[in-house]
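Asks: From TrEMBL, here are the annotated features:
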- B:37-54: transmembrane segment (TRANSMEM)
- B:59-76: transmembrane segment (TRANSMEM)
- B:82-100: transmembrane segment (TRANSMEM)
- B:112-131: transmembrane segment (TRANSMEM)
- B:151-176: transmembrane segment (TRANSMEM)
- B:207-227: transmembrane segment (TRANSMEM)
- B:239-255: transmembrane segment (TRANSMEM)
- B:288-307: transmembrane segment (TRANSMEM)
Amino acid sequence: MSADIVSGTPGPFIRMKGISKAFGAFRALDDVNIDIRPGEVLALLGENGAGKSTLMKILSGIHIPTGGEIDIDGVKQTIDSVKTAQQLGIILIHQELNLLDNLDVAGNIFLGREPTGRFKLVDKQKMYADAAELLKLFGLKISPQTSVSKLSIAEQQLIEIIKALSQNARVIIMDEPTSSLTLKETELLFGIISGLKAKGISVVYISHRLNEVTQIADRAIVLKDGKNSGELAREDINHDNLVKLMIGRDIFKAEQEGWAYKPEYSFEAIDISTYRYPGNKINLRLVGGEILGISGLVGAGRTELVNTFFGIHKPAGGYLRLNGADKRINTPDDAIASGIFLVPEDRRSQGIIVSMDIVQNTTLPNLGPNSSGGIISNKKENEATAKVAKELNVRAPGLTTLLKNLSGGNQQKVAIGKWLSRSPSLLIFDEPTRGVDIGAKAEIYAIMRNLAKQGVMILVVSSDMEEIINISHRILVMHEGKISGELMPADFTEENIMRHAVGL
Amino acid sequence: MKKERGIFIIFVVLCVLVSIGNPNFLGAANLKNTTRLIGIFGIFSIGSGIVIIGRGIDLAVGSVFSLVGVILSMLLVTHHVAWPLAILAVIALSLLIGWFQGTLIAKYKIQAFIVTLCGLLFYRGIARFISNDVTMGFGDGEGFAGVQYLAAGNLLGVPVPFLLMILIAVIAGIFLHRSVYGRYIFAIGRNEEAAFFSGINTNRMVLLTYVISGLLTGISGILLAFYTNAIAPSSHGNFYELYGIAAAVLGGCSLKGGEGSIAGIIIGAAMLQVIQNLVNLLGIPSSLNFAVMGIVILIGVLADKFFMGRQTTTK
Amino acid sequence: MPLTHIPNYHMKLSAKIILLAALLNFGCKRNDKPTIAFIAGAATDFWTLAEKGTNQAAKELPGYNVIFKYTTDGATEEQKRVVDDLLVNGVSGIAIAPLDPINQKPFIDATAEQVPVVITDSDIPGSKRLCYLGTSNIQAGKAAGQLIKTALPKGGKVMLFVGKADAQNAKERITGLEEELKDSGITIVGIKTDNIDRVRAKANVNDVLVSNPEVGCFVGLWSYNGPAILNAVKESGKLASVKIVCFDEEQETLQGVQKGEIVGTVVQQPYEFGYQSVKLLAKYISGDKKSAPGEVIIPATIINHDNVEGFIAKMKAIRAK
């Protein structure tokens, strides 16, 4: 399908024609065509590895294509560096933000373009005044002197957008901009995107979240396996059409059968307080077979709470009770010994060791049973890993594949798999599907449901509303270190969650 | 574990070239001399390497040699302590030094470079102070010839330090490559946070690497003291920490941690000694000694990179 | 009110400075007595013996403070710093063993304009020093040459071992050796350096035993080279076929001479360096400005099997002081 089929009123100003890109023997992009029109929001979709990011990195000068051409305003352009792209008005906002922690907000916005006064010195007064004006324009109540490290991820993202706009961007490419935003922040972002449209600035929006796309996109282009898979006009953008183009099946259609809880297994937090909110006592309880979701805004203390359950931090107060017995958990070692396991929030730096292979990652917390007299049995650990890998459908060339060569979804399966051979009592998932493609997401949900069916207690922390609503049996919402609400399935709506999350 | 193949090939090529240049290289006398030094240097290089694999560094080694040597001489010669007791005392001291440095690094999270750099200055200063800066010797070794045998003697024609190194290397190899603790050390070297999230007591493991390094430094320190038979406190063992680090790096350890093997470290240590041996045997001016060493280390690391690159692409 | 704070702060600061200065003075034991300083090289046995000499001189000169300072090998900037500190503290006379005689001339001249300077160990000819007091290293080299001749009466080959071949005293000793061995049928086949690393020093000997089996005499130019040669040769079992000649009076060297394992050693008398430098400076400072000689040569002595017992006894007496 060619990009020219759907015609809009203003003609495209950027055309990428027949773009190919190969990394060694791997063809990331194969004859891909897209166009971008002034003042539109173009959603670019596809599973991980479909080539969306590569395509946009080519447009923004990070990668050089191996074939094809780029026309801008009808003129063929060679974009061979980020600087060239910026001069042409093309700005990419990375998934991993690129702000400098040691500079303040204004310094970041004007980095490399600081206004100068006499003697070529930086005119700080003007810089702060300009920055303040831009911040006001976006309704941000942040001082330009604030250090970037003190901002939330959402705020940092907005700073990136402001930075892009102050560089006279014509098209802003956003790669998964909402992956760490809360609902409220996402809405703020959408407001800003509308504002950009009104100014005639185009936005290319890369996302996994289909409901966001249906909400804001004027047009959607779907890539699959490095090729054009299809294009949808505004009126055709809906969940079913998008999923069909992306993978050809629907992932959230999980069977909703009756759940059998096992109250003989239980986990209780009694007056637990964390180092972050030492004054706030938290009480919660879940039973075998239950999936308890914890929602809330970034900074509400969710991760600190579950990390405390796992012994990463010592509790500031209170105690835990597992199956009716009090537990003192001060280190991960204590938690593991009690059958409490955590699949942490930051996969690459906490969940797995990317430079070790599947076997070494899977058995790292289980070397006891896979060794005798302190000496590791390779046979035992290979067998144990093979079993888990098969159970979780880890797709890899072999068990000695290094984790860095696996997709995000398969990495996450390994991060989960390392606990499965130990018959968990409580398995905690913190942002279980962040950066995971849509196919693997479905598999991870299936794993969680399966474990629950076997009587394991599941605790899920997620910023993804759709996810927490779909997976949980019960939802606790946190706000500033306290549990501000508890929802039963009948009340599972994004509005209800948000209401508690902001403390209303 | 094919990583050390590259460096091993270079090592063999080097040995072949030297023996062509001077056939005496393979003579019994030279082999004895060189393997004795390889043994002494290899033992502490294993310790330095294990620390590096756990993403640390030990810069205090050379100064510990000086302190161990001075105290050993004082115990044996000045105070006439029985040699087994004296050996135990200095081993205990070097374990204590390892424990002290390891605690500061693991528990109090002070950077290893800083802790051991301060150690480098401190232990040397103490050694010079307690000896009044006077060269300490062992003289004829009356009363402790038994322990001198460890450094200077041969067993079945093989220098004792070399045999000792082989024994330690086998134990260290099993520890590092086969045992649970070894796996933990590699995991910590690659990603300490993820290791902690997997329930590993990372502080205790990091501490353990420094204690091991302390122990092996102590053993090497005793051998070294008897090798020179005299310890000039201000210069004894100066810069020797760099031999340990260079051997580890040559043998495939990455200063970023999580990489390396005992076999590689031993080959690296052996290579450094053969290089110095060849400078003399091939009649290269002594002044070029360090230059030759620098070039060979660089070639070794480049070759290692080349072999590693091939390994990952064929995978 | 900030204005009242500023002088207040300064007072505190100045009080600190006074206190610090008082401490420093106390540390230097400065009182009304004139101070004589002896600045040595690295802390080796050689200079510890010199220190004994200065101690003896100090005992005989109750009217003077005597300070002895070691400096690090090759660190000429350290010597300069030490001297600068001494001058600030009002030292009256300095004896110094220059580490780099050729390049330190301007520094010595500048110092000599403020206080009398005695150069010891390695002379700087043409400098403004008061006096040179030391051994002629050329003469010491010649003495070693005589020892080699007795060791190799039929001629032969010699290998030299030293820490750094470019050090002034090493160069002079080699010059003396070469002069003495001219036309004697004895050739120097090479010099092995070890950067003052005893392990390397011994390994060098081992390597030469393998690579140059024709060498009949091993010569250690610096103090620790003697024991290093002795140990290596002993361990390789070649004591019978290899002759050893060395310098200085390390304990093991003397034991070797005693047992006949070493042909002989050429000793300087560092004790005298220390003792006589201090005495000479004290005499000059006390007003006797005319009697100062331009050069005091402390002769280098050959110690061989015949006189070693007496020398050991003498050393023991000095060390016991």
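Any Cβ shown, glycine's included, is placed from N, Cα and C.
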Asks: Please work out whether the transmembrane segment (B:239-255) lies in contact with the transmembrane segment (B:151-176), by counting C-beta pairs under 8 angstroms that are 6 or more apart in sequence and asking whether there are at least 3.
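Replies: When sequence-distant Cβ pairs are counted, the transmembrane segment (B:151-176) does not touch the transmembrane segment (B:239-255), since fewer than 3 lie under 8 Å.
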Asks: Should the transmembrane segment (B:59-76) and the transmembrane segment (B:151-176) be scored as in contact, given a threshold of at least 3 Cβ pairs under 8 Å and pairs 6 or more apart?
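Replies: Between the transmembrane segment (B:59-76) and the transmembrane segment (B:151-176), contact is absent.
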Asks: Which one of these stretches, B:37-54, B:82-100, B:207-227, has the most C-beta pairs shorter than 8 Å to the transmembrane segment (B:151-176)?
Replies: B:37-54
Asks: Counting CB pairs under 8 Å, which listed stretch among B:37-54, B:112-131, B:207-227 touches the transmembrane segment (B:82-100) the most?
Replies: B:207-227
Asks: Could you give the residue numbers and ranges of same-chain residues that sit at least 6 residues beyond the transmembrane segment (B:37-54) on either side and whose C-beta is under 8 angstroms from one of its C-beta atoms?
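Replies: Same-chain contacts beyond the ends: 61, 112, 151, 159-165, 168-169, 172, 176, 185-186, 188-189, 205-206, 209-210, 212-217, 219-221, 223-224, 227, 240-241, 243-245, 247-249, 251, 253-255, 257-260, 262, 264-266, 268-270, 272-273.
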